[in-house]
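Please read the structure below before turning to the comments.
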Amino acid sequence: MGRIAVIQVLALCSILLISLPNFASAQLRQNYYANICPNVETIVRNAVRAKVQQTFVTIPGTLRLFFHDCFVQGCDASVMIASSGSNTAEKDHQDNLSLAGDGFDTVVKAKAAVDAVASCRNKVSCADILTMATRDVVMMAGGPSYPVELGRLDGLSSTAASVGGKLPKPNLNLNQLNAMFAANGLTQSDMIALSGAHTLGFSHCDQFANRIYNFSKQNAVDPTLSPSYATQLQQQCPKNVDPRIAINMDPNTPRTFDNVYFKNLQQGQGLFTSDQVLFTDSRSKPTVNTWASNAQAFNNAFITAMTKLGRVGVKTSKNGNIRLDCSRFN
């Protein structure tokens with residue numbers, strides 16, 4: 001083979017490698033189940049609503065579960081798998097131990113509701129059910145409803161070893177956040193929009209204790225925190241507090257999906273360093289200010305970011321299937 005031909009072959013291979021991730025996401029589309037299980041979105045939504053009526057934790061628990069699933073090996077419900085035998089699964093990695101059980105239970109109940117319809121049984125993936133349920137909890141908390149792309153298969157692998165370094169930590173700076181999200185094909189704007197999900201949910205005190213007690217030699221309290229908010233956090237999370245104690249991520253509207261998260265950042269009320277840095281870093285501050293004053297712009301950006309996140313690591317028939325039980329491989 002001539003040198004020019006070799007170069008052409010190598011160039012073609014490079015193009016194929018670059019475009020490979022798009023092959024899987026190309027199988028996603030709205031109304032994927034129209035001819036398979038036409039009422040699936042209604043079935044899932046009803047199951048989710050029933051679960052939300054039992055406990056509000058369903059909402060932030062499901063939303064966080066989706067993030068933790070997609071950031072590790074893609075959106076394939078691998079975080080749902082229970083550890084067994086010699087395999088320690090994703091959900092038992094240290095970074096996933098704080099995932100609320102109600103998030104998992106939401107998917108399990110929705111899967112049972114779907115499979116209770118004979119024509120739908122074993123035809124809808126756990127990964128798609130989690131995606132639909134996530135959209136639904138956002139809507140039920142007052143956030144936007146949006147069309148979801150479906151057609152994912154469930155992953156065939158789930159290991160704790162695959163989690164390390166894949167999930168954002170509370171102390172990351174903007175460069176670290178951007179790099180982690182970029183690894184999943186997400187921009188800085190996407191990252192800021194998805195961070196807005198912290199308008200819901202809660203955190204355990206140990207995740208931010210350093211900011212209110214032991215920030216640096218010069219400052220015991222992080223100076224980017226509002227002094228009144230720092231005092232409030234110290235009252236809610238005294239030293240040596242029970243590690244099971246958790247507080248709201250959003251101190252003002254913790255049960256509503258809204259743009260108050262960004263208003264909080266403007267007031268020094270970002271719970272994590274990785275929240276407040278979005279306002280203190282001049283590169284991300286304009287976006288925070290825009291969304292603090294324009295709820296619709298934030299909602300639109302959130303929908304865009306969630307849609308892009310939902311395309312990460314989609315499995316095909318070569319490396320995925322539809323699980324009969326979301327917590328176990330077939």
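Please read every residue number as a count from 1 along the shown chain.
Cβ from N, Cα, C; glycine included.
As recorded in TrEMBL:
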- 1-26: signal peptide (SIGNAL)
- 27-330: domain 'Plant heme peroxidase family profile' (DOMAIN)
- C37-C120: disulfide bond (DISULFID)
- R64: site 'Transition state stabilizer' (SITE)
- H68: active site, proton acceptor (ACT_SITE)
- D69, V72, G74, D76, S78, E90: Ca(2+) 1 binding site (BINDING)
- C70-C75: disulfide bond (DISULFID)
- C126-C326: disulfide bond (DISULFID)
- P168: substrate binding site (BINDING)
- H198: heme b binding site (BINDING)
- T199, D250, T253, D258: Ca(2+) 2 binding site (BINDING)
- C205-C237: disulfide bond (DISULFID)
**Of the recorded positions listed as R64, V72, E90, D250, the one whose CA lies nearest the CA of C237 (disulfide bond)** = D250
**Request:** Measure from the CA atom of H68 (active site, proton acceptor) to the CA atom of C37 (disulfide bond) and give the result in Å, rounded to a whole number.
**Result:** 27
**Item:** 8 Å Cβ shell about T199, D250, T253, D258 centroid, Ca(2+) 2 site members excluded
**Value:** L200, N252, P254, R255, T256, F257, N259, V260, Y261, N264
**Prompt:** From the Cα of the residue listed as 'active site, proton acceptor' across to the Cα of S78 (Ca(2+) 1 binding site), what is the distance in angstrom?
**Reply:** 10
**Request:** Over the domain 'Plant heme peroxidase family profile' (27-330), work out the mean pLDDT and round it to an integer.
**Result:** 97
**Item:** Least surrounded among the binding-site residues, given as G74, P168, when other CB atoms within 10 Å are counted
**Value:** P168
